[in-house]
Structure formats: structure tokens, C-alpha cells
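Chemist: If you scroll down you'll find the structure; I have some questions about it.
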């Protein structure tokens, strides 16, 4: 009886902290809702440090004896600065990942470590940021190669999260109690999405394929249009019957990725008029860089708290029985793992996915390597979405074959 009373009192105090002011949440230091914003702020600061090291830290880096083995001059110094800041950020979140993995209850010691102990973390984070600057260049280049893989893992996690959100949104609209009421909204949203897709494709043809010699850009845009048609055809097939909302939203997503891929082509390409127009550093270039940086931080933050899309679906009744008041609101280990891979991802964006590629000031994710990474990500997104559509049919036919034999 005493145990139940103590647990109830802890839950009440926990709810009081949760609904209190921001200062009270941070002062108590045991609120996971407040903690995720602090971790997001740390991640943003790391991004800014990496950018500063690339664009404005070359003079200071040149004075460091550890950079004498850097081959490639000032461009290499900027790249190494990004990788060293990225490595420090990765180490911080990877340590947090290992120390919070498997946390299930809000009042456990690992929950307190995740949501509190900020004085210790304010010492650990700067220390882990400084340590990579004392390492030789060979280790940094090795980390740069590993970061390619880690950034790919981040893109895959983000991709699954986006597709899961689109699928969840479609299921909400198609629920029995809201189906009739939401039918008009679904049709309006799907029609708007397809219209934006068509407009986006037309604009990409105008901006990035001005003449018939731009074969690569024409291929990228035309293939994107074909993929939208393919997703729509499969989703509307009678055996699949997934509706027209999810392929419309996925169409928006792949058009956006295609646009990002072509925008990543190096400045000076005759088929990229927009890139040629942004060859000079002006206020629009700076705003575009800041928006891209903030978008990447927000995407990392939103993906980190979306651990449920990677869990197997359970029966709703059993799931309600298993959920308790003191369960953690999101997966702490997954949250930090996403930020750890996000540290590798922002490094790749700032160096153009190429450790030997020079980057201009106020640029992000520019280069042929960046372009092909985006293109492959688009194709992979379509493959994952189509598999999510046809997987139930494939698994059902396999079960029928197995039971028949």
C-alpha cells in the first residue's frame, strides 16, 4: 500500500513539473519534455560551430600543430574543422545513447540522467567537443569515411519516419467514424498535392532543363514524374486500395527531394540557372543557408521523438493494457541515436559529402556527390513506400501457400 502511495505521489509531482513553467521544468531537471529541447539546442550550437569552423576558422586552424599533416591547403582545414566538431557532437550523443538505451520508466536512474544532471553534461559536452581537435588527421579522415554511412542511416530513419507519418495521416482520415466527414478534406488535400507536384515539375523543367542538352536534369525530372504515376497506380489498385492521399503526399516528398538534388549541382553548370544566379553571396543566399540549417535541426528533432514508427504494431486492446502512467513519453535511446547520426549528417551537408570538395561560404549540400545522394534517397523513398503497400499482399499469399502445403 505504501508503495502504491509513493508511486502516486511521484506521478503527481511529475505532472506538476510537466505543467509548470519552463524555468521550473529546467530547475527541477527531471522532465523529459523539457530535456529534448535542451538537446536540440545543443545540436543547433554544434551545427553553428561546424559552420564557423568551415567558413571562418581556417586562420585559427592553420595555427594548430595537429593540422600540419592536412593535405589540400585551406579547404582541407575547413573540412577537418567540420569533421572534428561533428565527431565531438557524435561522441556526446552516442554516450547518451549507450547510457539511456532501454529506459522504460520515468522514475528510473537512467531517466534522471537523460532529463537532468545538466551541470555534468555542461562539462561533458565541451570536453567531448575539444578532444577531437587533439586527435591526428588520420583518425579524423577515418571518421569522415564512417560518417558517410552514419549519414545514410540518418536519411533512412528520416525516410521511414516521413512515410509512417503520411500513412498515419491517411489512416486517421479513413477511420470509420470520420470517413464520411473527412472525405471532402481528403479529396481537397490530395488534389492540392497533385497540383503542386505538377507545378513543381513544370518549374524544374523551366529552371533546370532550359534546352535539350541538359539530359541528366531531364532524366531526373521525367523519372520523378514517372515515379509519381507508379505510386499512384499501385496505391489505387483494387487489391491494394490505399487511397489517393498517400501517393499524393509522397509525390510532394519526391518532387521536393528531386528539387533539392538538382539544386545541389555545382555552381557554373549551364543547366542550373538558379545556381549560376546564386554564385555571389547576397542576403538571399544567407537566408537560404540559415533556413536549410534550421530545417535540418528541426528534422532531426522531430525524427528523434518518433520512435513508435519503428516498433511492430500491436493489438489496440493489448497496447492500452500495457501502457502505464510511468512509461517514458518517447524512446530515449532512439532519440539520442538519431542525434548521433544527425551529427554525421550535418557534417556531410557542410562538406558536400566529399572530404576533398571545397565549399564556398554560406553554402550547404553542394556538389555532384550531394546530388546523387539526394537522387538515390528519392528512389529509395519510392521503393520503401511501394513495399509498404504491397507487403501485406505478399505476406498474405505466403501464409496461404504455407498453410496449403
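Glycine too: its Cβ is placed from the backbone N, Cα and C atoms.
Bear in mind that TrEMBL entries carry predicted annotations, made automatically and left uncurated.
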Chemist: Do you know which of 122-142, 311-331 TrEMBL annotates as transmembrane segment?
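Modeler: Within the set 122-142, 311-331, TrEMBL attaches transmembrane segment to 122-142.
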Chemist: Which stretch, out of 11-31, 242-262, is listed as transmembrane segment by TrEMBL?
Modeler: 242-262
Chemist: Top stretch among 122-142, 149-169, 215-236, 242-262, 334-354 for CB pairs under 8 A with the transmembrane segment (34-53)?
Modeler: 334-354
Chemist: Can you tell me which of 122-142, 149-169, 215-236, 334-354, 375-395 gets the most C-beta pairs within less than 8 Å of the transmembrane segment (184-208)?
Modeler: 215-236
Chemist: If you count every Cβ pair below 8 Å, which range out of 122-142, 149-169, 334-354 shares the most with the transmembrane segment (375-395)?
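Modeler: Answer, by Cβ pair count: 149-169.
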Chemist: Counting only pairs 6 or more apart in sequence, are there at least 3 Cβ pairs under 8 Å between the transmembrane segment (122-142) and the transmembrane segment (81-102)?
Modeler: yes
